[in-house]
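Some features that TrEMBL has for this protein:
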type	residues	note
ACT_SITE	H199	active site, proton acceptor
BINDING	G30, A31, S32, G33, G34, I35, G36, D56, N116, I139, S140, N141, M250	NAD(+) binding site
BINDING	R103, R109, N141, R175	substrate binding site
DOMAIN	25-167	domain 'Lactate/malate dehydrogenase N-terminal'
DOMAIN	169-332	domain 'Lactate/malate dehydrogenase C-terminal'
Amino acid sequence: MLSRLARPAAALSRGLATSAQNNAKVAVLGASGGIGQPLSLLLKNSPLVSRLSLYDIAHTPGVAADLSHIETRANVKGFLGPEQLPECLKGCDVVVIPAGVPRKPGMTRDDLFNTNASIVATLTSACAKHCPEAMICIISNPVNSTIPITSEVFKKHGVYNPKRIFGVTTLDIVRANTFVAELKGLDPARVSVPVIGGHAGKTIIPLISQCTPKVDFPQDQLEKLTGRIQEAGTEVVKAKAGAGSATLSMAYAGARFVFSLVDAMNGKEGVIECAFVRSEETESPYFSTPLLLGKNGIEKNLGIGKISPFEEKMVAEAMSELKASIKKGEEFAKNFK
């Protein structure tokens with residue numbers, strides 16, 4: 001039986017399958033950073049990608065030169081600074097945005113808001129002008145605010161399509177799969193846990209009740225596991241002791257999402273991933289749920305499905321924080337020049 005979510009191991013190896021349609025033109029904005037470099041490496045390693053355009057405000061020619069020596073088909077080009085951004089974006093099918101500042105110990109994702117909000121608004125404004133039809137995948141935190149910003153920017157330019165704008169929450173799923181597998185002695189590549197809600201603290205809601213294969217935990221262990229999934233980013237920030245945040249696992253998760261998206265754009269059926277998107281599934285205007293992906297982005301929102309009372313309570317408790325973060329993003333975009 002196929003799980004509602006893409007099998008994680010298959011997700012990256014899918015990037016190693018070839019077909020006549022594997023000609024995706026992908027841009028990474030923020031390609032020289034902690035997430036951008038390993039993400040670009042994983043994308044370069046995939047025959048699904050024929051052109052890889054790398055953009056940043058420093059070091060991109062070096063990153064591009066380095067990656068261009070790898071014996072895979074993707075043609076790599078580096079673009080530097082705002083004046084080269086239009087050329088970078090021209091003709092792109094998918095744009096992935098990990099640009100911004102990383103979290104440091106003691107910081108919440110929300111603390112990144114002022115810096116990253118401006119960066120995302122500027123970059124997505126360029127996307128709206130130069131590749132309005134592209135799939136936009138936002139990694140830059142706080143995702144609960146940067147996705148509403150992206151939507152408002154696209155509306156301003158008159159090219160808004162909610163089926164093509166994604167907040168990449170895949171790392172929450174990857175972590176949930178890994179942690180459940182560790183506790184149950186399972187192969188993490190065979191575990192699939194949908195994670196809904198948002199992408200910060202208590203808005204991250206792992207649906208352990210919908211895990212494939214089915215797993216059970218006593219309530220105290222379930223609460224501890226849920227807390228660990230919600231705070232896993234902080235776990236990494238602390239372990240790196242000021243030297244950065246989750247970059248390698250985030251690059252893996254970002255690549256997994258892009259490969260799923262490109263597979264679906266190529267006509268593969270039954271591709272499902274969770275992402276933070278415009279939604280009518282709850283009272284929150286944006287919400288992450290499993291999505292059936294297709295040639296034009298979101299084919300169908302599969303919704304929350306049947307959940308446990310514990311999970312219902314988490315959804316209810318996440319609402320006020322989600323709505324506040326969304327409103328903050330929308331207000332910022334309205335005033336952004």
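Using N, Cα and C of the backbone, Cβ positions are placed for all residues, glycine too.
Known features from TrEMBL, placed on the structure.
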| residue | record | CB count, 10 Å |
| --- | --- | --- |
| G30 | NAD(+) binding site | 26 |
| S32 | NAD(+) binding site | 22 |
| G34 | NAD(+) binding site | 19 |
| G36 | NAD(+) binding site | 27 |
| R103 | substrate binding site | 21 |
| R109 | substrate binding site | 23 |
| N116 | NAD(+) binding site | 24 |
| S140 | NAD(+) binding site | 28 |
| N141 | substrate binding site | 28 |
| R175 | substrate binding site | 24 |
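Within 10 Å of N141 (substrate binding site), counting C-alpha to C-alpha distances, fall none of the binding-site residues G30, S32, G34, G36, M250. Secondary structure of the domain 'Lactate/malate dehydrogenase N-terminal' (25-167), assigned with DSSP and counted as helix (H, G, I), strand (E, B) and coil, comes to 65 helix, 30 strand, 48 coil. Around the Cβ of H199 (active site, proton acceptor), the same chain contributes R109, N141, P142, V143, N144, G167, T169, D172, F276, S288, each under 8 angstroms and 6 or more positions distant in sequence. Close to the recorded substrate site, the chain also has P142, H199, A200, G233, T234, V237, S245, A246: residues not among R103, R109, N141, R175 whose Cβ is within 8 Å of the site's Cβ mean position. Sequence-distant neighbours of M250 (NAD(+) binding site): residues of the same chain at least 6 apart with a C-beta under 8 Å from its C-beta are I35, L39, P98, I139, L171. Calculated from their C-alpha atoms, the gap between R175 (substrate binding site) and N116 (NAD(+) binding site) amounts to 24 Å.
Mean predicted confidence for the domain 'Lactate/malate dehydrogenase N-terminal' (25-167): the pLDDT average there is 96.
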